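Below is one structure, written out as structure tokens; the observations come after it.
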Amino acid sequence: MAAAAAVATISAVQVEFLEFPAVVTSPASGRTYFLGGAGERGLTIEGKFIKFTGIGVYLEDKAVSSLAAKWKGKPSEELVETLDFYRDIISGPFEKLIRGSKILPLSGVEYSKKVMENCVAHMKSVGTYGDAEAAAIEKFAEAFKNVNFQPGATVFYRQSPDGVLGLSFSEDVTIPDNEAAVIENKAVSAAVLETMIGEHAVSPDLKRSLASRLPAVLSHGIIV
């Protein structure tokens, strides 16, 4: 009798009309990443929840062994309530690629203003905001100045363990060959992901997705 095929631990995620593939390769970094989780980001306006962005967090394969050491065997219900789990994703010694694709049109200035406000508020709250971070935030703002996001357009954030934040922009979901800006500031880089999945997360949906998907990967490895 033939052995049963291994059950996939990684699959694509659909957020509105946006599909987040299970695995992507970045021509900018030459690395391949698996989809940790994806979810929507929105705001309640006049009593109605409006979805603006779909966010996907992709992780380098070495994230599995790094996270499994502490979190393997933990159920989703526990992980989703555990801030340290998300902080270990944010600060872990592996590369991340965050994809933010627009559901509604948004100017780069509007989008980046909110991201920067959240990042600065977090850094000030934990005491990591100084002159170097202020300069890095200015560079972040400059990168978005001439960008206008139509539905489906995307910003990619590449985060390296040594604190480099690479930004690239696409009119669709194609990862560009070259990055539009590179910001070398560990506190700012970490703050971008912290504001998405940390204590005051802009996407609780993304947090739930990470907590529901990663236990299988940590227990059985990456199976596509």
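Including glycine, each Cβ sits where the backbone N, Cα and C put it.
Copied over from Swiss-Prot, here are the features:
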type: BINDING; residues: Thr53, Asn118, Thr195; note: substrate binding site
type: SITE; residues: Tyr111; note: site 'Important for catalytic activity'
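In the three-state DSSP reading, Thr53 (substrate binding site) counts as strand. The local packing around Thr195 (substrate binding site), expressed as other Cβ atoms within 10 Å of its Cβ over all shown chains, amounts to 24. Cβ neighbour count for Asn118 (substrate binding site): 19 (other Cβ atoms within 10 Å of its Cβ, all protein chains included). Thr195 (substrate binding site) sits 14 Å from Tyr111 (site 'Important for catalytic activity'), taking the Cα positions as reference. Note on Thr53 (substrate binding site): other Cβ atoms within 10 Å of its Cβ, all shown chains, come to 25.
Long-range Cβ contacts of Tyr111 (site 'Important for catalytic activity') within its own chain (separation 6+, distance under 8 Å): Lys102, Phe144, Phe149, Val155. The substrate site is set by Thr53, Asn118, Thr195; from the centre of their CB atoms, other residues of the chain with a CB within 8 Å are Arg41, Lys114, Val115, Val192, Met196, Val202, Ser203.
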